[in-house]
């Protein structure tokens, strides 16, 4: 019973995780570039900006902003900036000459009522040293020249800040406090080394999942992995039960996976809210606990064959393994601690540990029988990824995949179905992320390659596993290259990963004359048996 429930849970979570398949950096900027750029003054680079504020001489939280395409340059270090008083113009929209003094100050104005360039001209003509435009949303839009303002001579910094940032400054000024602001724009590194660690986590997860059965098979026994051990220790029964836990994905399953993932993705986008994200967090914790429990018990059982022999009789549960119970309680405590501290700076560690354990377990449960099914699955996923990242804005006005991964309209909560790691040397902080789908989809093919090599007694170089792992690594590299070339815009990683994995396997199979064998593998009884591992 426990085995069946575990299998059901893992497959359910597998479908959920396929909904997030994106490699991204969590920058918050949108492209609103609809104006002409006939003048060099309207074609300056957009830059992320830091806004340091002081209230009555006490430094507060540093806000983030985005410069306009017509903004003057800003210092790259705080030491080179000027600490100036913040003022609101009169009228507040800064669309006409202000009756209040603006000279030598940082002017704050809400977005709307007139063009961004008009606000900048009014602030500059009043002697302002800078203009901060407060957006009406929690996003940073790119401010560009309007049709009637293509030849400007703006000599002051013009920066947009978020709605919440503007409200925080407004509250400080409403309390009759003296608010001072310092604006500067530090350079960010072309490449942050965090992507190297994220690359290692993704590749390492697939390699570990593929080799897991080899690592744990020597001493692993089913009774050690269950809360309720089986009464019979017959080896044949164990093998039969293990077979029931393995799902060979069919071509029909592959299509259903992608359709279900698309449906769920749209639901997430349309009905995203804090309670919805909390539901996903709870489901993620349940799946993470199961995956972490299975991984830890398997490793402990391999090291200590007799560790799972001691049992306890508990109400409702009956006879349970002491080892399995203790590990389960530890995993439960770990997941609860992560959920309670999910917004802490260190929470990414717990999320990655739970996610990696879960994906390893999923890749043990779901398997591809041959390249034919892999082609259907990965080609569907390839189109799915491209559509929901690049083409969905044509229908929904937003990139649905990016909006869901970023957690828009979720009250500050974020989707946990991602591996993430903080940028180590980026003055802007933030995280680099990769969706579970970008690991699970190629991971199924790479796990198949390992089992194929093992069953057909292929060496490392004349097999497929090593070359697909290398291909996956290069695919991730190209993904990150695309991420940086597109200024941090989220990338459909499967656009790069599918050709570098499925393409490599098909080309190698064709060159070696084994493509037909790979394509139909597992359809005959003589080739099906090696894929079932006790």
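Quick reminder: no glycine exception, Cβ is built from N, Cα and C everywhere.
All TrEMBL annotations are machine predictions without curation.
Residues annotated as signal peptide in TrEMBL: 1-25.
What TrEMBL records for 87-169 is domain 'PA'.
According to TrEMBL, the transmembrane segment annotation covers 193-212 (among others).
According to TrEMBL, the feature transmembrane segment maps to 254-272 (among others).
TrEMBL lists 278-300 (among others) with the feature transmembrane segment.
The transmembrane segment annotation in TrEMBL covers 320-340 (among others).
Residues 7, 10-11, 13-14, 17, 201, 205-206, 208-210, 212-213, 245-247, 249, 284-285, 287-292, 294-295, 334-335, 337-338, 416-422, 431, 436, 439-440, 443-444, 447 of the same chain lie 6 or more positions beyond the ends of the transmembrane segment (346-366) yet place their CB under 8 Å from a CB of it. The transmembrane segment feature in TrEMBL is assigned to 346-366 (among others).
Marked as transmembrane segment by TrEMBL: 373-391 (among others).
Residues annotated as transmembrane segment in TrEMBL: 433-452 (among others).
The annotation transmembrane segment is assigned in TrEMBL to 464-487 (among others). Listed by sequence, the residues of this chain that lie at least six past the ends of the transmembrane segment (464-487) yet keep a Cβ under 8 A from its Cβ atoms are 23-25, 190-191, 195, 199, 202-203, 206-207, 210, 434, 438, 442, 445-446, 449-450, 452-453, 458, 493, 495-501, 503-505, 508-509.
Marked as transmembrane segment by TrEMBL: 493-511 (among others).
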Residue numbers, six or more beyond the limits of the transmembrane segment (193-212), whose CB comes under 8 Å of its CB atoms:
295, 298, 352, 356, 359-360, 363-364, 419-426, 431-434, 438-439, 442-443, 446-447, 449-450, 465, 469, 472-473, 476-477, 480
